[in-house]
Amino acid sequence: MTDITNEGNKRDLGTPALEQMYGKGVARSAAKQRRRKTLEVTSEGRRAGWGTYAILVVTILIFVFPLYVALSIASQSSSSTQYGVQALIFGSGLIKNISRAFGAMKFWQALSGTLFVAIVTSVSTVFFSTLAGYSFSKLRFRGRGVLFTIVIGTMTIPQQLSIVPLYIMANKAGLFGSIWAVIIPGLVSAFGVFWMTQYLQDALPYELIEAARVDGCSMFRTFISVAVPAARPAAAMLFLFTFIAQWTNYFWPMLILGPNKNSMLTVAAATLKGAYFTDYTIVMAGVVLTTFPLILLFAVAGKQLVSGIMAGAVKG
């Protein structure tokens, strides 16, 4: 088997060719050996120096420091809140302040609403963006270039310019105060369409599409069976970007949710700030509660997500 694998490597045979000549077992073995050699060459040719590690450490500290400050302030007692250097010293009131913020925010209601919004919009954005990306990159129809230019052009419009007309339309549709007013504008994004179009342009060869059509697949069946598997790495990243964007979304939910501000975590945390007096210990505790589920999600599923993306990127 080693001789066959080496022969395949020398002749630069792809996985499908090896599978046809020698079977699936040999093809998998050859693919694994090629990836292993690539990783060995990469690790030998790109050894990170001290400068690289220093940049990474500084970057991590920059991103972690705000969360550390929030935790530090949230751990202090309300009567002894310190600012400046003193705010970096942990106190003993973290659990108490988090408990107060937990009840004031109606945490479980806000968490369920945020998860619902983030999941629905992320799944919808990935599906419609992949569908549009496949159409723009692989289908030929009149006005394709003009339509794609219009989609890209909407990315240059600041969000603030669309807030007033969007607010008026949502209000007239009877969606003021409803969580659907947050979901519907985020069901598809121009960035997602651009992202998937650029990816599928190179990742999906026309030969696979033609082969599916020869086998009798309809246009939608070809999209599901051929385009969707090819788009998985880019779709996973788009899902991740959209999920984070919706989780941290604040401006539009604050305007449109009205009296139902406990429907999302970011808006619920903002309600902890008083009109005349603000207890920053409970506000920072709310910030910690808002951020912690997202951190926990990445801690649990981050490795699997990255592994899935990398596996899709080197598949075949």
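Cβ atoms are placed via backbone N, Cα and C, with glycine included.
In TrEMBL this protein carries:
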- 50-71: transmembrane segment (TRANSMEM)
- 111-301: domain 'ABC transmembrane type-1' (DOMAIN)
- 115-134: transmembrane segment (TRANSMEM)
- 146-168: transmembrane segment (TRANSMEM)
- 174-196: transmembrane segment (TRANSMEM)
- 223-245: transmembrane segment (TRANSMEM)
- 280-301: transmembrane segment (TRANSMEM)
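Counting same-chain residues at least six beyond the ends of the transmembrane segment (174-196), those with a Cβ under 8 angstroms from any Cβ of the stretch are 113, 116-117, 120-121, 124-126, 128-130, 132-134, 136-137, 151-152, 154-155, 166, 231, 234-235, 237-238, 241-242, 246, 249, 252-253, 256-260, 263-264.
Here the transmembrane segment (115-134) has Cβ contacts under 8 Å with residues 151, 179, 182-183, 186-189, 192-193, 195-200, 204, 223, 227-228, 231, 235, 238-239, 242-243, 246-247, 249, 264 of the same chain, all six or more residues outside its ends.
Using a Cβ-Cβ cut-off under 8 Å and counting only residues 6 or more beyond its ends in the same chain, the transmembrane segment (146-168) has close neighbours at 132, 136, 185, 190-191, 193-194, 197, 251-252, 255-256.
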